[in-house]
Amino acid sequence: MAGLMAGFGHYTHAVVRGIPSSLAKEALRSCQAEVDVAKARREHDAYVEVLRTRLGLEVVELPADESLPDCVFVEDAAVVCGDTALITRPGAESRRRETEAMKGALKDLNLNIVEMTDENATLDGGDVLFTGREFFVGLSKRTNQRGAEILADAFKDYAVSTVPVLEGLHLKTFCSMGGPGLIVIGSSEPAQKTLKIMQQMSDHRYDKLTVPDDLAANCVYMNLPNKGHVLMHCTPEQYPESVKVFEKLKDHMLIPVSNLEKVKVDGGLTCCSMLINKKANN
Amino acid sequence: MTTEAGSETEVKEKAEESAAQPDQSEKASEETKEVANAEGEEKEKEKEKEGKEGKGISRYLPTWLKKQKSQSQTSPTKEAPPTEEPVAKVTQEEEGPAPEVNGQAEEVEEKEEVKSEQVKEKEAESHSNTSADTEPAKEEKVDESTEKSPEETKKEATEGEGAEEEKKKEQEGEKEAKEGGGEEGQTSIFQSPLRLVRKNKMKLVVCHVTLLDGTDFSCEVEKRAKGQFLFFKVCEHLNLLEKDYFGLTYMDSHEEKCWLDPTKEIKRQIRSNNWQFAFNVKFYPPDPSLLTEDITRYLLCLQLREDVASGRLPCSFVTHALLGSYTLQAEFGDHEPDQPRPLDYIGQATFAPNQNKEMEEKILELHKSHRGMTPAQADAQFLENAKKLSMYGVDLHHAKDSEGVDIMLGVCANGLLVYKDRLRINRFAWPKILKISYKRNNFYIKIRPGETEQFESTVGFKLQNHRSAKRLWKVCVENHSFFRLNAPEPPTKARFLTLGSKFRYSGRTQAQTRLASSLIDRPAPNFERTSSKRISRSLDGAPVISITEATAENGREPHLELQSDSKDHDKTQEEVLKHQASISQLKRSFMEAPPPSPPQPNQWEKRLTSSPATSIRIQQQQVSLEEEIASVLFSRHSAAGFYSADETDCSVPEATLDAVICSASATVCSSSSSPQKLLISSTISAAEVVEPQTEAAPADNTISDTKEPAKTTEVEIEETVVVQEVSRVAKPGVVTVTAGLPAAEQETRKQEVRVVEEEVMLKEEVKPTKQESVSSESESEEEAEYHPNMPIAQIPEEKEEEEEQEEMKKKEEVEEDVSVPDAPSIPAEEETNRAEDDVKKIETEESTDDPMVTPDEAPNGVLPPEEGLAAPTLEKEEPKVNGEASLVEAEPRPQVICCSEPPVVKTEMVTISDTFAAQKTEIATKEVPIVHTETKTITYEAAQLDGNGDGEPGVLMTAQTITSESLCTTTTTHITKTLKGGLSETRIEKRIVITGDCDIDHDQALAQAIKEAKEQHPDMSVTRVVVHKETELADEED
């Protein structure tokens, strides 16, 4: 068995969920925008295809639920670390039921399920940044202190630090992990400020990769057998300048993934999948 | 005991050597006391001590031998009744495997002594035989030690019953000499700078130490023994060399866990006579794989198992299972389905706070996967995982933030962490922290400004009480020092920078201990694992190696007490005289003395040690140095004032004197001296001016000893020490006294003679010492600052002000504490209490034996090492700074000027340049709410001089303070080594503080002091004389 905190980025499974038609009209969004569901679905299909075919993950696809317009963003419904899955209590009332299907899927994967039952607690998975050594939980519109406490309780091995999310929906809206000890961060002032706080709060040193566009900082890192460092990031069409930055990562397998439609409803690349390392659980 | 005998007898033949060890240790301890006092780095003596202590010996002994001893010792000691004598007997038995001992145990002590001697001889032989690798023997040193030791021991033996003790001492001395030839040379790199200090002749107390494997280790120590003595005993028992990561804890009177300060007497730290301790990891190594020895890792594992099982170190289910599985592998080896033991064990063992069947199954499952892993490998894996846990090595303290929200402050290797519930809400890495301080129950950290910030900010937290605040502060200081510094902060510098408590980490830093560990050259010691003990199945088959030396000592102890005090006194006096005569020598030694990085006994200190108050004095003196630098005159501890107060006690003059001295030594004591103090408070409140040497203060009827005391000083000092020991006799009245002190008017004269390359500066400062002494301690307790980054020294003036305020507060607090003697649980606070206790004791004992006190001194002397720089006290000129000694513990920082009784309304500074002639008067007025006091400072300055005291261009290399106290007079000598443009300059500053209750004829007192100083040091010049006079204006205080 792998030791504690070993194998950051190792994943075997991915849980994804379909896009309901209701996404176009009812999905929550911070700015008004027209969403083309068909385009979004094509985008999502491509995304899942990368996971399944290109990266060889075992993909668990949950069916879309029309009553849950945001259900495609499975990341918010749970936080998985090791063999423990914390089923969250999403900050948005309309999304609370998204966790049910997720819980079932994670149970099927034999994860230890921890549920957030406290009615005062809210937590979106998008506010949880796991660096491999510790958690940062963004205190945002969707996530509160209590939610963070429960997360800390669920993952006792790790330090859980709270950082304020000054701008944007989630913490991971403007940052994510780009590798072991590498934080990809947007260049906006709030993003940089948040990074500073994270660095101050941590006993560990992190490198940072600053990309010009905050939203481009949301990318998906994996460390896969036979593939090494893999990074799914934005496309040149969307954020050309940021892509140039990603392209400096010589050791990474870079996979641009389009996210033009989902971003309209505040969806990032990390939002669309729940990555799990099942081998670690055995 | 009987049981012990059996085991011992078996071992006897082989164990003779071992038996000898204990004796040696005893002797060593005696010597060590001296050494300890002189915290400087006298390697030689240390080596000797070490050798004597038997650690070195233990190495040479075959492991099996050690085992037997340890086993036998442990169990018997536990059984041994608390009584000192019985204990002693037991210990002897344990130590000396010979059955004979057992039988004798009950018999006369003398017999025991004889045995011990024999044992020692044996030891010596054994050492010579066994220790082929021993370092070059230092015979010379040994000789010295032997000579000294008897004297010391005599002195030490306070508690009475001198005749027997004397005999013992003499015997011991002989023994030592014998031993010395063979064994002394051994030096162990591994020993931390702190030395064990012990005296054989003191009363013995049985200490129970709960080890990490849950077993109990008992050993006897002298009542006066310092923390490090016990700690080293335990480490010896454990066969642990990398001991710097560990420490002993005790529960204070508030049921809070405190670290036993190695440099202070155990007795003064623990409350309530509860000699229960626990051996624990104090500094969790961030990377356990860098530890040198498996046994160290094993002990760390034991601690972590406990941490995990108790929930102190939270971890997830999986991690619990993983760690548990490594524990199983380490304790039982490969999983063997046929053997049900592990299963049974699992049921019994606790791996997690809420352990369940599922977890146990998981543990077993994982255990199977560790097949082939050796115990050491399993431990290593355990640690590799445990170290990653976020709460690994984090010491949590409850606190509230500025808004009153409950938080937790976590101190760790990297800095200070702030938690709210389980969430980390802030973190202050050590490099970010400019200053750590506490004031009352507030804990502050000053934060280095960030990139975008222009100003440093201070973050404050509220703790439950000031004890908690101080405890947290100390932990921070220690952790920062251990993990961030290459060497412990030199005391001197620290002093300059610091206000309040001068507490500093006195042990080795991680860097140093790693270096030392890298030099460990011994075959990996075998050790027994817990499971093997419990289940009687040993994986390694290796017995536990432990040698208990303490026991042997016990036997002697009772006798020791009996030893004649008179002898001790005489010796001390002689020593004092020698000290006086050997200033030049001191200088040299200073010059030679290496920088104070690791606090080790200096020769100075050693010499000084003879006087009980040394350690304390040193600290105080150091403080005084700081003050001087700041150009601030503070009279910290003037016992004299108190004495004057003691007038009431006139009936028992001697006793009072002792008490006074004691009080002074105890710092707190000054006020504390119980009944006297009480009286004092009332009387003093009126106005007390004591000028001991020149004019006996009228008020001091009892004290009547002005100059006479000076030479007697030594004796007195010793007494003081005794007093502290005696402290148990606590008298209620004492407490109240302390409170009274503040009101009292006190005048203290400090004469500082600074010799800068032959130049002597004389400063006489009259300051209200009494209150100061108290206040200083109190301050330390209440407030303290620590500059992790060793920033530039703070401006003295600021400090002064702060100090004053602090003092005020402290005084108040102190008073409170005094009123409730037992109340102070925190070590720092304890001081005050102690002082009180001491005072009480003094009173009682004083009447009986003054000499008794001396023994105490030795222990105190040992303590000073914390400050490292602390200079040995010189008893030369004026006797007794004992009072200061107590203060020392408190580590007075910046003691506010003069006695600074808070109430000071008017301050008059008179500066006379030209030795006596010119007078300058400066008037400063400070208003303190409560009491009105007048402060007069008169400074006589020789035209030539420079302000040595203040800003010195050079770098202060070392500072040592020698203090002696008489009833009314305190002499402080600072030796400063300065580098100026490549030239090294040594300056000796001598400060004489005369305190009295009534008005003092300054001129007369000054003249007298200067005269004496010149007589003593003809080659020195008086550069500055300051007379500081503080008088209470009114009785308002009441």
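Any Cβ shown, glycine's included, is placed from N, Cα and C.
Unlike curated entries, TrEMBL annotations are predicted automatically.
Under the heading substrate binding site, TrEMBL lists A:L28, A:D70, A:E75, A:D76, A:R95, A:R142, A:V265. Annotation for A:R142 (substrate binding site): spatial neighbours A:D76, A:P90, A:G91, A:A92, A:T122, A:L123, A:D124, A:G126, A:D127, A:L169, A:H170, criterion Cβ-Cβ under 8 Å with sequence separation of six or more. Under DSSP, A:R142 (substrate binding site) is assigned to coil, being neither helix nor strand in the three-state scheme.
Annotation source TrEMBL lists active site, proton donor at A:H170. DSSP classifies A:H170 (active site, proton donor) as coil under the three-state reduction.
Long-range neighbours of A:C271 (active site, nucleophile) (same chain, six or more residues apart, CB within less than 8 Å of its CB): A:V72, A:F73, A:V74, A:E75, A:D76, A:G126, A:K172, A:N218, A:K262. According to TrEMBL, the active site, nucleophile annotation covers A:C271.
Annotated substrate site A:L28, A:D70, A:E75, A:D76, A:R95, A:R142, A:V265; additional same-chain residues within 8 Å of its Cβ mean position, judged by their own Cβ, are A:A27, A:F73, A:P90, A:A92, A:E98, A:D124, A:G126, A:L169, A:D266, A:G267, A:C271. Taking every protein chain shown into account, A:L28, A:V265 are the binding-site residues, and of these the Cβ with the most other Cβ atoms within 10 Å belongs to A:V265.
For A:D70 (substrate binding site), applying a Cβ distance below 8 Å and a minimum sequence separation of six or more within one chain yields A:L23, A:A27, A:L28, A:D76, A:A92, A:S94, A:R95, A:E98, A:V265. In the three-state DSSP reading, A:R95 (substrate binding site) counts as helix. Using a 10 Å Cβ-Cβ cutoff, A:H170 (active site, proton donor) registers 28 neighbours. Under the DSSP three-state reduction, A:C271 (active site, nucleophile) is assigned to helix. The 10 Å shell around the Cβ of A:D76 (substrate binding site) contains 30 further Cβ atoms across the protein chains shown.
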